[in-house]
């Protein structure tokens, strides 16, 4: 490799509003493979940092790939500083993490980053599992979330199962889920969005519950029967985008849910097993 540095003028460095840290697939629409195009549709710039790189989700008959090595992962984060690409950074969002050591590396990076960006919004989707599947990450990840990432986050987006794992509390009814979410709030952690709270099965509704220190807001949406993957990643991408575009939290959550429903229906109309983003209509 030539020793000549072609691109060493940092004044020309690309800048991003968001750094998105989560999984990536070669084929499919989960993790950053759906989040990045969704964020860009909202007119925001994003850098994608992969935690795992997979051929596709495990729901196909072949499956390749795995977690990014720690040396590479820490290098990806370090390179953003070395390129001077974080001058305009406004938010970091995290999703599926490959290892507990990645979580520790990320937390150290975020702690240092916040010194230069004290108003940085950190949103954590603590991907651990769900009621149907149980825990589907490595068993040391839940404690790593509790120890390293939750103390840094302003907002988190667990499902009911993940809320139970993080708090050690039963959350199968609305009141207990709200109480568990409130137990996580702190001077830093301002809100919890429970993404799969108990809905009305008979009326085909699902609920998203927004919990903060002084309010609880229950948002109901139509339930769509589907096996599509990546809807949670899309929801978080829409949510962080809405917040950065100045939407209030409850409004951003409501709009994000509506967008996910729109994408799911559009995907079903096109008979695809992977999410397809229709054009985004500005409201």
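Even glycines carry a Cβ here, placed using N, Cα and C.
Note that the coordinates shown come from a computational prediction; the quantities given were computed from them, not determined experimentally.
Matching 99, 111, 195 to the ATP binding residues that Swiss-Prot gives (125, 157, 162, 221, 222, 223, 224, 231) identifies 195. Looking only at the binding-site residues 23, 59, 136, 233, the one with its C-alpha closest to residue 125 (ATP binding site) is 233. Within 10 Å of the C-beta of residue 233 (substrate binding site) there are 28 other C-beta atoms, taking all protein chains into account. Cα-Cα distance from residue 233 (substrate binding site) to residue 221 (ATP binding site): 17 Å (rounded to the nearest whole number).
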